[in-house]
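Accompanying notes for the structure given below.
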Amino acid sequence: MNTIYPVIWSNNKVLLIDQTSLPSRYTLVEISRYEDMAKAIKTMIVRGAPAIGVAAAYGMYLGARDIQTQDRETFLKHLDKIAQILRQTRPTAVNLFWAISRMLKTAYETLGTVEEIKKILLETAQKIQEEDLQTCQAIGHNSLSILPTNPEKLTILTHCNAGALATAGYGTALGVIRSVWTAGRLNRVFADETRPRLQGAKLTAWECVQEKIPVTVISDNMAAHCMQKGLIDMVVVGADRIAANGDTANKIGTYGLAVIAKMHQVPFYVAAPLSTVDFSLETGDLIPIEERDPSELYQIGNTVIYPDGVDYYNPAFDVTPADLITGIITEQKTVNPKELITLKG
């Protein structure tokens, strides 16, 4: 198995796989300032809720490292400002806010000198990264107990990229697929291309190719046809934020996929760590939905493909109601969305 780590701590700086360059070029971007990390998150050089959380944690440390004061209160005030800048990068991904809050909590609760706080912050960022990798592996393992018994080898449809590139490594939805592949139960992956940024075609397909997992890319509007023809045995997607009732925000197009799966009685699972669950939100109606630049819709490379005078609407996410979700696969266990609240720590 080829190991893919989108966020790497090396020689006192962060290396990010530039996901905007894949699959044509594999490029590492060096990040040594928190401002550059904020830009990398905003421009989706690093993307996927868990990976964003890991990147933000390192961003907090990079910012803390550069604060030039030995006064604890002054240091913490500067750190609060850094946190606010990082929070503004991607509003839907709850792991971003979770990781930043954890880093701030660590700083405020650490007694000692400013230099000691900085040291603990680096250790905390590394711990967040290590924990996420272990969590993804646990999600993959837990999925094996809920697989349909027939057929023996399953064809799984996924949307966007919830793989190693979207996490600390291994992946959530693609982590499930990796585990099913390793267990000998996978026939093939169907990857929605995932308009407008094509994360399925570019990133999920790339990850599968790296590990020689059979993958077929389809356009988003082919999913219904594939289910109608009996080509899909189950659907597994990731999540950017899950409300307490199980409503799930994920890449735009996920909701439609869930409706189609319900129509054709295809099991529809969400794979996500508990850090993606926002228990403070009762329902998905309260999840903020990021809207991105319309150029993602009308431009391919430097070429504008639609006529002048057209208006655009480009939400990055939609919310799938809990009653369309068969189960949520977490690092603890798989639960019915209505039972998600029982896993609250």
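Please read every residue number as a count from 1 along the shown chain.
Cβ coordinates are placed from backbone N, Cα and C, and glycine is handled just like the others.
Counting only residues at least six positions away in the same chain, the Cβ atoms of ALA93, VAL94, ASN95, LEU96, ALA166, GLY238, ALA239, ASP240, ARG241, ALA272, THR276 sit under 8 Å from the Cβ of ALA49 (substrate binding site). Taken from Swiss-Prot, the feature substrate binding site applies to ARG47, GLY48, ALA49, ARG90, GLN199, ASN250, LYS251.
The site 'Transition state stabilizer' annotation in Swiss-Prot covers CYS160 and is backed by sequence analysis. All chains included, 28 other C-beta atoms sit within 10 angstroms of the C-beta of CYS160 (site 'Transition state stabilizer').
Residues or ranges marked as active site, proton donor in Swiss-Prot (evidence: sequence analysis): ASP240. Every protein chain considered, the tally of other Cβ atoms within 10 Å of the Cβ of ASP240 (active site, proton donor) stands at 31.
In terms of Cα distance, the binding-site residues that sit within 10 Å of CYS160 (site 'Transition state stabilizer') are GLN199, ASN250, LYS251, chosen from ARG47, ARG90, GLN199, ASN250, LYS251. DSSP assigns GLY48 (substrate binding site) to coil in the three-state reduction, outside any helix or strand. Cβ contacts within 10 Å of ARG47 (substrate binding site), excluding its own Cβ and spanning all protein chains shown: 26.
The Cβ centroid of ARG47, GLY48, ALA49, ARG90, GLN199, ASN250, LYS251 marks the substrate site; residues of that chain outside this set whose Cβ lies within 8 Å of it are ILE52, ALA93, CYS160, ASN161, ALA162, ALA166, GLY238, ASP240, ALA316, PHE317, given in sequence order.
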